[in-house]
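Participant: According to TrEMBL, the protein has these features:
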type     : residues : note
TRANSMEM : 31-50    : transmembrane segment
DOMAIN   : 34-254   : domain 'Cation efflux protein transmembrane'
TRANSMEM : 62-83    : transmembrane segment
TRANSMEM : 95-116   : transmembrane segment
TRANSMEM : 136-154  : transmembrane segment
TRANSMEM : 200-218  : transmembrane segment
TRANSMEM : 224-243  : transmembrane segment
REGION   : 371-390  : region 'Disordered'
Amino acid sequence: GTIHLFRKTQRSLVGKLTHEFRLVAADRRSWKILLFGAINLICIGFLLMWCSSTNSIALTAYTYLTIFDLFSLVTCLISYWVMMKKPSQVYSFGFERFEVLAVFASTVLAQLGALFILKESAERFLEQPEIHTGRLLVGTFVALFFNLFTMLSIRNKPFAYVSEAASTSWLQEHVADLSRSICGIIPGLSSIFLPRMNPFVLIDIAGALALCITYMLIEINNYFAVDTASAIAIALMTFGTMYPMSVYSGKVLLQTTPPHVIGQLDKLLREVSTLDGVLEVRNEHFWTLGFGTLAGSVHVRIRRDANEQMVLAHVTNRLYTLVSTLTVQIFKDDWIRPTLSSVPIANNILNLSDHHVIPMPSLKAADNLNPVTSTPAKPSSPPPEFAFNTPGKNVSPVILLNTQTRPYGLGFNHGSAPYSSVLNQGFGIPGMGATQGFRTGFINVPSRYGTNTRGQPRP
């Protein structure tokens, strides 16, 4: 093999991540995201300190939404990195599935945080601590302002696509019903509330509203249990909002076919099956490669006389309108030669007394002889197909009628042979158990060539 004197050493995992981060940081579009990420870390630090000083679990649940914003910024960076990378040998379909994995991981982590809040809230119902409201309202408005400013300032393509493609949450459905009633009174608000609100903006506003109600009830009546109730409400809203997105991104990772394109795919496959030269379309498989990217593979069986390149161009042209990454395998129709079946023959069909035996010369020197047919048989190859009268190697004598002697001009000796010579040459009498297998695949074939009955020539 090739000797590499100065082979580069393999980078460690940290080195690879540093290299890829520098690649992303070189783009000016990512500077804005990095700036928001740094501000997010500072905001999270202050909110966690205020959660500890106020002893409010509702503010902690709301702070988890700010942590989710940090995950969304990381997902946006991954989206920029995916656009810079090109497909490689290891990742032949590109790196689009990384952003799908980032969305799935972010939503699952948000749901785990909601479950943690539910567990802590259940423990607080048994022993409710005192809540200090000094920084509760300040922390609420700081988190609300930063969350809305981050969501509206940065266009996060992966989360924007998932929020529109995934099914609606129960919070969106209830708000949509309320919005229809409000828009019936004030039609000008239909552009804001309908058809459905952004789920992230909706959960930020609903969480801040729950914290404001908690602050007022604690200040008025010292009702500390409302903090735990607000934390449960925020956790349920978080879980209900993130769950449809996790399901959608999980189906993409499992390479399932999107339900909304199944009808279009069936229509395109029916059109492909009706193309000229196409016999069958089978083994079709289509899946979502990334957000908005559909991949697929299909096998197309065509006629033997069809043009492969022409059929491939037509099939690709039809499916490319919906499937951006397509693999089409064209193969021609299999042609199976029919096999000749053996037919049983009556015992009295031959009368050996009326036949001559023509001995065939041995074909030891096959290369020096002119072949009878256009496809000569090699010593190690099977006989050519449909060569019924072609003499091969070591063929036993052939019985012909006595009444007709056809000079073939092949140098064969003609003449009658006694009945005993027929038995000595290995040809068995029909009905006595000995059979002769000819090259045509027939067994016990009658040796009447050229006539139908005795003395009557075949037309």
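All residue numbers here begin at 1 and follow the chain in the order shown.
Placed from the backbone N, Cα and C atoms, the Cβ positions cover glycine too.
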Participant: Under 8 Å between C-beta atoms and at least six residues away from its ends: which parts of the chain pack against the transmembrane segment (224-243)?
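Facilitator: Distant contacts of the transmembrane segment (224-243): 56-58, 60-62, 64-65, 107-108, 110-111, 113-115, 117-118, 120-121, 124-125, 128-131, 169-172, 199-200, 202-203, 206-207, 210-211, 213-214, 217-218.
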Participant: Using a Cβ cut-off under 8 Å, which residues of the same chain at least 6 positions beyond either end of the transmembrane segment (136-154) come close to it?
Facilitator: 32-33, 36, 39-40, 43, 46-47, 50-51, 54, 56, 59, 62-63, 65-66, 69, 72-73, 76, 198, 200-201, 204-205, 207-208, 211-212, 214-215, 218
Participant: Restricting to the same chain and to residues at least six past its boundaries, which positions have a Cβ under 8 Å from a Cβ of the transmembrane segment (200-218)?
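Facilitator: Distal contacts: 56, 58-59, 61-62, 65, 131, 133, 136-137, 140-141, 143-144, 147-148, 151-152, 159, 163, 171-172, 175, 224, 226-227, 230, 233-234, 237-238, 241.
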Participant: Could you pull out which residues elsewhere in the chain have a CB under 8 Å from any CB of the transmembrane segment (95-116), counting only those six or more residues past its ends?
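Facilitator: 61, 64-65, 67-68, 71-72, 74-75, 78-79, 81-82, 85, 87, 158-159, 162, 235-236, 238-239, 242-243, 245-246, 249-250, 252-253, 289-291, 293.
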